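First the structure, in the form of structure tokens, and then the observations on it.
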Amino acid sequence: MTDARLDDAEEAHLRRLTDAEADGDERAVEAALRPKRLDEVVGQARVRDQLGLVLEAARRRERAPDHVLLSGPPGLGKTTLAMIIAAEMSTPLRLTSGPAITHAGDLAAILSGLNDGDVLFVDEIHRMSRPAEEMLYMAMEDFRVDVIIGKGPGATAIPLEIPPFTLVGATTRAGLLPGPLRDRFGFTAHLEFYEPADLDLIVHRSAGLLGVELTPEGSAEIASRSRGTPRIANRLLRRVRDYAQVRAGGVVTLPVAQAALDMFEVDESGLDRLDRAVLDVLCRRFGGGPVGASTLAVAVGEERETVEEVAEPFLVRQGMLARTPRGRVATPAAWLHLGLSVPSAPAAGDSTLFDEA
Ligand SMILES: Nc1ncnc2c1ncn2[C@@H]1O[C@H](COP(=O)(O)OP(=O)(O)O)[C@@H](O)[C@H]1O
Ligand SMILES: [Mg+2]
């Protein structure tokens, strides 16, 4: 790697710029930017139509809508949609998360506090404990749970009626949900990464809310570096706004957006410093691979988890890196992205190089 090392705080800050997860401070900013109604939601046309229909039908029947599962990568709008479901049904949203429910009793307490028609949002629902999960199946289907009092042979089950409610579950890992839980959702919405045109609209909308003046080219530049993710688009917009205010008279034009994002080391394809370091090491030091994940992590000076969970998924999605049984491999797109020429014919016996594990 050729660039100078940055100190840790700066590094953490830069890393966060393209992290699709929100941290504590960011949640407050995000709340201001969240669409409040279904018709303010940009993109995800299919999900919006389907959900609109489910909610409209429920309103006409004057019943709580079916349980809804929202699945997809971080930052694409799951929490936003959960809040919109409650708003569209004019009911309160009760909010909890899988990791917060460690015992079935935690869930029983939440369920017994629900009112008729409430929307219960369980974020990261795949991280709920098994006993709580089993209690949830029953509650979803029969609006009833058995609360176990006492232990051992003397334990008794006390049935508890629950008013009809709508469960909205969100997960980044739908595959980890047990079948019986998945089957009890009447509607599953899978959120996809956004097209640049939709991200462009989101950047415009957020700029309006934040009072940032920007040109169409400036907005498009931010959108195209946002990894298909609204949360990242909003974050890049805030950094570009800082730059525009301090160094460029306030207006976000194309050159201002480019200069700001270059300064924060987010390149034209949305790769950040870590992503580029991974590609750089893979191509320049290891001739394009295959290289084992831990070797790669050591070579870029990062934890293996960080490389595997933060950098690789995006690089794989960009078609720049492949995970093979023998290790990580750079694709021709990776070489081209680094401005290097693609090495000619792979070594003999490497014809299975691009097979997925
Ligand atoms: N379809 C959308 N239109 C406009 N803004 C969106 C959309 N989806 C997400 N956002 C914005 O992105 C941010 C992250 O969305 P969030 O719902 O918290 O994502 P998730 O829960 O999937 O991680 C929010 O601040 C929200 O304003
Ligand atoms: Mg969320």
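Sequential numbering from 1, following the chain as shown.
Positions of Cβ are set from backbone N, Cα and C atoms, glycine also.
Automatic prediction, not curation, is the source of TrEMBL annotations.
Tyr194 (ATP binding site) falls outside any helix or strand according to DSSP and counts as coil. Less than 8 angstroms from the CB of Tyr194 (ATP binding site) sit Val42, Gly43, Gln44, Leu76, Ile202, Gly228, Thr229, Pro230, each of them six or more residues away in the same chain. What TrEMBL records for Leu33, Arg34, Gly75, Lys78, Thr79, Thr80, Glu141, Asp142, Phe143, Arg184, Tyr194, Arg231 is ATP binding site.
Under the heading Mg(2+) binding site, TrEMBL lists Thr79. Proximity of Thr79 (ATP binding site) to non-local residues of its own chain (separation of 6 or more, Cβ distance below 8 Å) is seen for Arg34, Phe121, Asp123, Ala170, given in sequence order.
In the three-state DSSP scheme, Arg323 (DNA binding site) is classed as strand. Using a 10 Å radius centred on the Cβ of Arg323 (DNA binding site) and all shown protein chains, the other Cβ atoms total 19. The DNA binding site annotation in TrEMBL covers Arg304, Arg323, Arg328.
Positions annotated as domain 'AAA+ ATPase' by TrEMBL: 64-195.
Here TrEMBL flags 1-26 as region 'Disordered'.
If you look up TrEMBL, you'll see 195-265 marked as region 'Small ATPAse domain (RuvB-S)'.
TrEMBL lists 268-357 with the feature region 'Head domain (RuvB-H)'. Confidence across the region 'Head domain (RuvB-H)' (268-357), taken as the mean pLDDT and rounded to a whole number, stands at 86.
Taken residue by residue with DSSP, Phe143 (ATP binding site) is part of neither helix nor strand, so it is coil.
Distance from the CA of Gly75 (ATP binding site) to the CA of Arg323 (DNA binding site) is 24 Å. In the three-state DSSP scheme, Thr79 (ATP binding site) falls into the helix class.
In this structure, the C-alpha atom of Arg328 (DNA binding site) lies 38 angstrom from that of Leu33 (ATP binding site).
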